[in-house]
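*Asks:* One structure is given below, represented as structure tokens, and several questions about it will come after.
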Amino acid sequence: MKPLHVLIAEDDRHLAALLRQTLEAEGFRVTAAEDGDEAVAKADIYAPDLIILDAMMPVLDGFAVLKHLRSASRHRRIPILMLTAMRGEADVRRALAGGASDYLAKPFRPDQLVQRVRRLAEARSGPVRDLP
């Protein structure tokens with residue numbers, strides 16, 4: 001079975017590198033985007049299995065990217081994990097109401113990220129025994 005492909009949309013290069021390293025160590029294939037426009041373009045090009053989306057990014061913020069992706073039929077079923085320093089209940093509700101599949105506040109532990117990604121990937125495809 002081919003590895004699941006995760007698109008990371010995160011403008012903080014250090015955090016993006018940590019996310020990539022963590023997920024690749026778990027067997028995921030990773031593509032990264034540094035801003036909202038690049039995230040939309042790479043989602044169109046690569047059709048990832050899952051997207052990790054920072055809420056606060058340059059050009060297009062994560063909420064605008066989320067709205068764009070959810071309005072396109074080819075992206076509606078892709079699980080999207082919002083990853084952000086915004087911790088308020090209103091922010092969580094906004095993300096989930098906008099179509100985010102889950103919400104993880106920064107700071108987080110790498111094992112929390114991996115657990116959420118695996119759960120979302122499994123929910124998308126049904127139980128899979130050989131997820132990374």
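Note that the numbers count up from 1, one per residue, in the order the chain is shown.
Cβ atoms are placed via backbone N, Cα and C, with glycine included.
Feature table excerpt (TrEMBL):
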type: DOMAIN; residues: 5-121; note: domain 'Response regulatory'
type: MOD_RES; residues: D54; note: 4-aspartylphosphate
*Asks:* Sort the residues of the domain 'Response regulatory' (5-121) into helix, strand and coil with DSSP and give the three counts.
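*Replies:* Residue counts in helix, strand and coil order: 58 helix, 24 strand, 35 coil.
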*Asks:* Have a look around D54 (4-aspartylphosphate) and count the other CB atoms within 10 A of its CB, chains all included.
*Replies:* 27
